[in-house]
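**Q** Feature table excerpt (Swiss-Prot):
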SIGNAL    1-21  signal peptide
BINDING   22, 23, 34, 37, 38  Ca(2+) 1 binding site
BINDING   137, 172, 175, 183, 218  Ca(2+) 2 binding site
DISULFID  161-171  disulfide bond
DISULFID  237-272  disulfide bond
SITE      315  site 'Transition state stabilizer'
DOMAIN    449-551  domain 'CBM20'
């Protein structure tokens, strides 16, 4: 596919940007956001099974190093379970995408079981967490010759109980999927255990670093928390709660609540981040200035940190190929750059849609924004302030390394109008409709030239042979290298010459630094597999300097 070759070439010529430590752990409120430093790529679009039938896993394997080099720390994979469904309606047709699966066999329309394992291994080896899409609410119960057979009348299905309407009944604690005939009773011990065991299998056998839970309006959020606790408690998770206030019955408190309140309540109960449909609704129905009303713009950091922001996905947006995909709630083209500039410079965990990144020409722009986010140290819970008195949206975002001033569709003349200190321009696109400035006189990664500024130093660790779920990190005697703490070490993400691992890390200019290579588990920082033996590596930080170690 030509776009893959082009992406690889672009990644090779772009300058490397500072890597940040891959933080593990839950939020202060116990939410599984894996440290709050993820940038996620949605690794498919709706028509993948028609555009690249039985070959998508191979494509992901081939592009693993490019995905890592582009700055993504995780990839949202398609549903891995077998789906041979098909449908036609008014001249349109589809099926096989995974959302009407019939068993847990991995030989499906994205590729084979072996190809999936190879793709997961390549992605994990490149330092990209694999997050599987999972669909516990419903399955294709009528498909013949499936490996999961659940008879009617034993409480396995929603319609085994009286079903008075589209709300919980005695065999289902959520909404129906379409008419409800295919809805599973996830509260039944056998059904609960079936999914618990499969999530554990995906983690142990297929490199899962987390899960995206589909259609969570169909089952209790507490069930998601239990599944994660029982099978993958230290992993990342996110729920898709696409249900506005007016869709709840009049007697439900959520009928008069805000989008933010509804999705935050789900996150509180599931202990997982949640897709920021509060922001998506404002993107669709409000002005750019209204984007501040997303969950990621909430004044409370406990709200911001659970927001998983996105512009479009396989459901809401267009896809290459047949019928343009689903496009149920697609953002207008004229706002796509502004939207990515916002989610990639603001709090929350951003998700980039595959087709925006690799099919439709936004890739260079998105790479630039990822570099800005990483260099500034913007995280899920970073502070954000909005400034009135200007057109469009104007915000100040406080990263751990730099402050960003963001102006979208705005008449703001310069960052000094809303923030003190010196700033340099980082992004200016769409005829000035997208502008981002960062504090300091340079990029924080090698172009400052001033005493005490940060400069990019090239790190290399040789002979870093790892198992699935582990990566090579640099750790050392400065805060940028974790002060010798493995939990705060910096993951090296360039594995194009595996088992050599490389990365560019921002260090204080002129600082004498001592450091070592180590191998540790990505999800559990306490699982250190190997330290580099011998004396410490040494380097004096200077722009473009190189340093290496070896196992």
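Yeah, the Cβs are placed from backbone N, Cα and C, and that goes for glycine too.
Quick one: how deep are these features, and who are their neighbours?
**A** Taking the Cβ of residue 37 (Ca(2+) 1 binding site) as centre and 10 Å as the limit, one finds 20 other Cβ atoms among all the protein chains shown. Look at residue 37 (Ca(2+) 1 binding site): DSSP puts it in coil.
If you take the C-beta of residue 175 (Ca(2+) 2 binding site) and look for same-chain residues 6 or more apart in sequence within under 8 angstroms, you find 166, 167, 217, 218, 243. Residue 175 (Ca(2+) 2 binding site) carries neither a helix nor a strand DSSP state and counts as coil.
Sequence-distant neighbours of residue 161 (disulfide bond) (same chain, 6+ residues apart, CB-CB distance under 8 A): 155, 169, 170, 171, 172. Taken residue by residue with DSSP, residue 161 (disulfide bond) is part of neither helix nor strand, so it is coil.
Less than 8 angstroms from the CB of residue 237 (disulfide bond) sit 32, 210, 211, 212, 213, 224, 228, 270, 272, 273, each of them six or more residues away in the same chain.
Around the Cβ of residue 315 (site 'Transition state stabilizer'), the number of neighbouring Cβ atoms within 10 Å comes to 17.
On the 0 to 100 pLDDT scale, the domain 'CBM20' (449-551) averages 87 in the predicted structure.
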**Q** According to DSSP, does residue 183 (Ca(2+) 2 binding site) sit in a helix, a strand, or coil?
**A** strand
**Q** Tell me the Cβ neighbour count for residue 172 (Ca(2+) 2 binding site), meaning other Cβ atoms within 10 Å of its Cβ, over all protein chains shown.
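**A** Result for residue 172 (Ca(2+) 2 binding site): 27 other Cβ atoms within 10 Å.
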**Q** Quick one: which residues besides 137, 172, 175, 183, 218 have a Cβ within 8 Å of the Ca(2+) 2 site's Cβ centroid, in sequence order?
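**A** Those within range, site residues removed, are 138, 158, 174, 176, 177, 180, 184, 186, 215, 217, 219.
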**Q** Where residue 37 (Ca(2+) 1 binding site) and residue 315 (site 'Transition state stabilizer') are concerned, what is their Cα separation in Å, rounded?
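**A** Between the alpha carbons of residue 37 (Ca(2+) 1 binding site) and residue 315 (site 'Transition state stabilizer') there are 25 Å.
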**Q** How many other Cβ atoms sit within 10 Å of the Cβ of residue 171 (disulfide bond)?
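**A** So the Cβ neighbour count for residue 171 (disulfide bond) comes to 21.
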**Q** Out of the recorded positions 137, 183, 315, give me the one sitting nearest to residue 38 (Ca(2+) 1 binding site) by CA distance.
**A** 315
